[in-house]
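Worksheet: the structure to be examined is printed underneath.
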């Protein structure tokens, strides 16, 4: 478009999903139930790890950090999704839109780094069992967890600041929250170079962490296959299977949405794929990490007994 058409908009409109009016209340209730269960499940993991000494291990420390991250991750986008189900097209101030974009991507990049740290934790537990607790001391755990947050909120400054720079000729965002590709489609100018920067920044960090995770699990696989008994191999694999499932969900959907030019995808692709990594993954994480987990079941039993004992009194 020509420079004469450049405008500045002080607000955007989130279009949300296209659905008949009769289905919107059902969609709202379904989303609300998933949201509440997601909050409850992740809070349950955080509280359980804090109150039960049996879960005071590096693995459960990082799982609790992941659960805390998921609380913010899902709460950044789902409230606007609920609003679009109730009222359809929802206005959002430009400042709020860019803030949502920054926080969402900060938490996303943080999760990307945290999943790599969790893979490193599993590698040390399986491949360096004798030195594991020395290598993963409390100080190291806190440093690694803090580094993932600092890295996430630093890296996300690049795409967020670039997205806020161009003038916008249109206001309607074809999404239920403010994201990179839907906002770039509203710009008055060619945003091709923005897309290339996104691919470099987000693609490099996502790919680097994903390759690191694959390398660490390759090392785990080599060690596990050398174990003498099938029971030992099954136990080693069981400690990693939950994490591998979460990695597949997170990175699979993230690569589809963010690695590639925004113009190469249809408008509906972004919002539908966003449901996977912004709503479904945070919902499934507590289930994946607790289902068939004997340590968590034992922790629940111990905490329940303590509560009953306190309730009965002396």
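Cβ atoms here come from the backbone N, Cα and C positions, even for glycine.
Curation plays no part in TrEMBL annotations; they are all automatic predictions.
Residues 102-121 are the range that TrEMBL records as transmembrane segment, among 2-21, 102-121. Among the ranges 172-191, 272-291, the stretch that TrEMBL annotates as transmembrane segment is 272-291. By the Cβ criterion (under 8 Å, sequence separation of 6 or more), the transmembrane segment (60-82) is not in contact with the transmembrane segment (197-224), since fewer than 3 such pairs are found. Non-local neighbours of the transmembrane segment (26-51) in the same chain are 17, 19, 60-61, 63-64, 67-68, 70-71, 74-75, 78, 81-82, 85-86, 279, 282-283, 285-287, 289-290, 296, 299-300, 303; each lies 6+ residues outside the stretch with a CB under 8 Å from one of its CB atoms.
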